[in-house]
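Everything on this sheet refers to the single structure shown next.
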Amino acid sequence: MTDNTDNDKLYRYLFQDRAVRGEWVRLNQTFTDTLNTHQYPKVIQNLLGEMMVATSLLTATLKFEGDITVQVQGDGPLKLALVNGNHQQQIRALARLQADVSDDMSLAQLVGKGVLVITIAPTEGERYQGVIALDKPTITACLEDYFVRSEQLQTQLIIRAGEFEGQPVAAGMLLQIMPDGSGSPEDFEHLATLAATVKEEELFGLTAEELLYRLYHEERVEIFPSQPISFFCGCSQERSGAALLLISDEELDEVLAEHNGTIDMQCECCGTHYFFNKAAIMQLKVEK
């Protein structure tokens, strides 16, 4: 049986004798909550799981308050897959399909001609956006390439998503040479070689301490306190109402007439419904 102690947590760790840092994350209930309101095919579920883990690992590298959005855009059956996470490890995800998919489809078959877009948005300061070609077989490989190109740091990403003991789970590890230039490529390669031996069931079933001991029992590893991860959408009646105000009065009247006087707005991420009748819309306009 899995030890649930480290479910939905992120750990950072350092190697005391080598200038290399690491992160480990596992999503259990967070992943389940994301999938609960959608009937995504298994291949899309797993892709979102990989992207959620990657987003969690990416946000943990931020040195400021803000959020990161990781999205896949393409002209294939998968039109969009999007994950957003912030420095508090609150995360949400959604996918949009424009054709049927099968679970044996590769990333290239799902996306067609597509790109991976990473947007970093500090609470204060300028946004940064990077666009990466989806020219590798997995999202993980594309993101690993992004790290190397954007930060010019040796980086290893190991991410898995699927089921363990009958429940959805996604987990992963990030290994990165320290940005201060004190680390050696040889040290990084040594640790990366050890990390590459990790098994899926170990990522899904062991605690962080057990896993790191299994991989690095001859190393001195300092593990920092964990950070909890949770599904958080952020939608609200107010935000939905603000979106309605962007529509012309004529269009609103048409939609109201077509839907028996009530507009039902459903959040794509969490599935919550927000209802607006004519009186509610008029009140929104007054408050504006």
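Cβ coordinates are placed from backbone N, Cα and C, and glycine is handled just like the others.
These come from Swiss-Prot:
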- Cys233-Cys235: disulfide bond (DISULFID)
- Cys267-Cys270: disulfide bond (DISULFID)
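Between Cys235 (disulfide bond) and Cys267 (disulfide bond), the C-alpha separation comes to 7 Å.
Distance noted between the C-alpha atoms of Cys270 (disulfide bond) and Cys233 (disulfide bond) is 6 Å.
Here the CA atom of Cys267 (disulfide bond) lies 9 Å from the CA atom of Cys233 (disulfide bond). Cys270 (disulfide bond) is surrounded by 18 other CB atoms, counting those within 10 A of its CB over all protein chains shown.
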